[in-house]
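Accompanying notes for the structure given below.
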Amino acid sequence: MADPFALTKPALALLVMLLIMAVSPLLVEPAYIGYLVAYGVLLVLVAPALLTRSHGPGLRTPPLIAWGVFGTGVAAVTIFANPALRDLFRDSGAVVSFLIGLLLIPRAMGRDWERPLFAALSALALIVAVWTILGAARAYLAGAGAYEWRGVYVPFVHTWLPYLIVAEYLRSRMPGSKPEVSAIRIGICILALLLSLSRTGLVQLAVFIPMVVLINARRWLFNPRGVLLAILAVGVAILVFPYLVGLDVVQQRINAGIDDGDLSLAWRDMEVRAARDYLDDGGWFRWLFGYGLGARVPLPWGIVDFNDNIAIPQLHNSYWTLTVKFGVLGLLWILAAIAVTFVRAHSVRAGPSALRSGGSWMLLMVMLIAYTLQGMSEWSHLLFLGLSCALLCKAGDRRILPLRLPSRSTRAAPLRIGERSGIRP
């Protein structure tokens, strides 16, 4: 049986775009310049498909009107705040990144666009995982400390690994896939995420792995192949995990703790306090409606970031970033829209289950990263947020529900000879 998730032309176009985005932080500063190049390359590669296909998520009039009102309000607040052009461009690009994931990629991929999507993400997963492992190996050989390990040697795209693990897991459950191959790839991705020393990644794994085991426990326990894979996974974990915990750099992360004694967490706490002070300075209006696109949070007097800036455009905590830019009302509106999309997908349950599972898991990963690593404000993460919402939108689209056969009580009686059906030829 042919692999339905082979790297077709649309999948290759998406993979090329994501690879360009992956190397952008190494080649250009700021990284979103490279992201713009990646989006341009994707547009060139899929231009014919965009002009002939219309298989994106269904857009209904009431939500469009509501988002139009929201956008008008944001535009008015932004004009009143008069941000710098560069800051306005950066935040507008973040919105465009979300829309590319939500609308452009599904339209370009075709009718069953989740298949080339998962194929591209599966190929990317192995590339990013190997890249991360090699970066961690270089850091180990160089005797790098914990922060240098993550900031210099491990690539930024290791933060994509949770999304890629989800994509590979879902690909393994689709017809025509090879679960054994996917299990090996997932294991390599998990190892890479552990070697990245990401505490957020550990939390995501702590949520994802137990829930996946519980969901699949019955199927795996009564399947010899599943039992063998589970034993193999436990054996590898027993051998590898103690060695990883014993590394000096891992002990540095453990000894740093999770309070203000950790410099990274102390900086995040300072960001939140600065955001509160900034909103307090603007009064109730800014708390409700924010400062608009392009807003920067002034740092406390005498403090600058790594680029000697006295104000920052984004906090590590994306929920506070959204509050600064859109206010409490804007943050609640965005979260409510996401919640409605999630509930509708699980109520309608259209299309294959991978739509709901993929969209839900990817959305959960984005929202976890948003708490500590700009998951709902950085361009690449917003692209994955758009993709997760697109998957859920398709799962909530009643137009793709299968036709139901009439029940026995309502089925029409067969025509007798000589009777008219009432249907014109």
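Each Cβ is built from the backbone N, Cα and C atoms, and glycine gets one as well.
Per TrEMBL, the feature transmembrane segment maps to 7-27, 33-52, 64-82, 88-105, 117-140, 152-170, 182-215, 227-245, 284-304, 324-343, 355-373. According to TrEMBL, the feature domain 'O-antigen ligase-related' maps to 188-333.
Of the candidate ranges 88-105, 117-140, 182-215, 284-304, 324-343, 117-140 has the most C-beta pairs within less than 8 angstroms of the transmembrane segment (7-27). Counting C-beta pairs under 8 angstroms (sequence separation of 6 or more), the transmembrane segment (152-170) reaches the transmembrane segment (355-373) with 3 or more such pairs. Sequence-remote contacts of a segment are chain residues at least 6 beyond its ends whose Cβ falls under 8 Å from one of its Cβ atoms, and for the transmembrane segment (33-52) they are 9-10, 13-14, 16-18, 20-21, 23-25, 27, 93, 96-97, 100, 104-105, 107-110, 379-380. Outside the transmembrane segment (117-140), and at least 6 residues removed from its termini, the chain residues within Cβ reach (under 8 Å) are 5-8, 11-12, 14-15, 18-19, 22, 105, 109, 148-149, 152-155, 157-158, 160-161, 163-165, 167-168, 170-171, 174, 182, 185, 188-189, 191-193, 195-197, 247, 249, 354, 358, 387.
Predicted-model confidence for the domain 'O-antigen ligase-related' (188-333) is 81, expressed as mean pLDDT. Ranked by the number of CB pairs under 8 Å to the transmembrane segment (64-82), the listed stretches 182-215, 284-304, 324-343, 355-373 are led by 284-304. Here the transmembrane segment (355-373) has long-range neighbours at 114, 118, 159, 162-163, 166-167, 169-170, 173, 199-200, 203-204, 207-208, 268, 316-319, 338, 342, 345-346, 349, 381, 384-385, 387-392, 394-395, meaning same-chain residues at least 6 beyond its ends whose C-beta is under 8 angstroms from one of its own.
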